[in-house]
């Protein structure tokens, strides 16, 4: 038998690897998760009172922010809760009752909840990339059809389909046991043996539907969106150059058309005002598009380790080998990068709305105003006391 099979269960066969993986979770995953929760909370606060834009993009962004929160929490529980409860095995421990509940019910449910949240998260980003391309490439249709209700309906349908796809992982793989104690445990024939169900569901369908298909959709729509932006900017430059040439022709016109020219100039002034408003909206739209595309690019880069681990899994299955030590380390590093991706999204949201910058400025102004008023109220009694002393001396 290959020596690599000794790393099949680090907690049982390799204590050094087990403590190394626990250290990665404690010193990397836990601090990054706390920072990500704070950043996502700040970004969600920024989107609570968005600009007066009736657009479905805000629905996608809010849903993605909430999923970022859920993803970080579930990922932290899936990675650290079993290791934490392994040290709470005696009755004298503080969290013995909770860890007993975790061992009976949560230990087999949380990994499947984690897989469901991962699929919801990645398909929400894929839907956001498709929505952004549709908004940029079909502005006339998007202006009338891009509504909050439509975005909510599409997200609800997407979530229902994903949950329905994930139901077999709960129903088929888990079962209730009533004796000697009530607990939820795995079915060995569906989870521990390399059955046809596991090969089809986890080695074929799940990688395609949870990784390759949404990743490909994000990449394609991001590239198409950037092409649309470059095409529109090129058209704007050509339009600007034609307007400059038209102004030169008007300047070279005869003096007999001064009155007509004055009327045209007044009309042109109104057109310029309207054009500036349209340019402002387009600038905001481009900024939002660049922010979302940047978020998708960062997501693809940080999840590249997960794709490599998936390819490595297929290689091990084809060659009938067990994971080695570096495979477990790469898997944990991939989890850390995935949490980092969910944390970075918040900063893109903050840049998209500018709400955090405005809130910090307002907070600084309010704090400085309160400080100056308190300082003035403290100085006023001192001035009155000095004035009273002077009057008594007189």
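The chain as shown is numbered from 1 upward.
Placement of Cβ uses the backbone N, Cα and C atoms for every residue, glycine included.
Features of the protein shown, as given by TrEMBL:
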type: TRANSMEM; residues: 17-41; note: transmembrane segment
type: DOMAIN; residues: 39-349; note: domain 'G-protein coupled receptors family 1 profile'
type: TRANSMEM; residues: 53-74; note: transmembrane segment
type: TRANSMEM; residues: 113-130; note: transmembrane segment
type: TRANSMEM; residues: 151-168; note: transmembrane segment
type: TRANSMEM; residues: 208-227; note: transmembrane segment
type: TRANSMEM; residues: 288-308; note: transmembrane segment
type: TRANSMEM; residues: 328-352; note: transmembrane segment
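Among residues of the same chain six or more beyond the transmembrane segment (17-41), those with a C-beta under 8 A of the stretch's C-beta atoms are 7, 10-11, 65, 68-69, 72-73, 75-76, 79-80, 83, 325, 328-329, 332-333, 335-336, 339-340, 342-343, 345-347. Against the transmembrane segment (208-227), stretch 288-308 shows more Cβ pairs under 8 Å than any other of 53-74, 151-168, 288-308, 328-352. With a threshold of 8 Å between CB atoms, the same-chain residues lying at least 6 positions outside the transmembrane segment (288-308) that come near it are 57, 125, 128-129, 132, 135-136, 211-212, 215, 218-219, 222, 225-226, 229, 330, 333-334, 337-338, 340-341, 344-345, 348-349, 351-352. Confidence annotation: the domain 'G-protein coupled receptors family 1 profile' (39-349) carries a mean pLDDT of 82 in the model.
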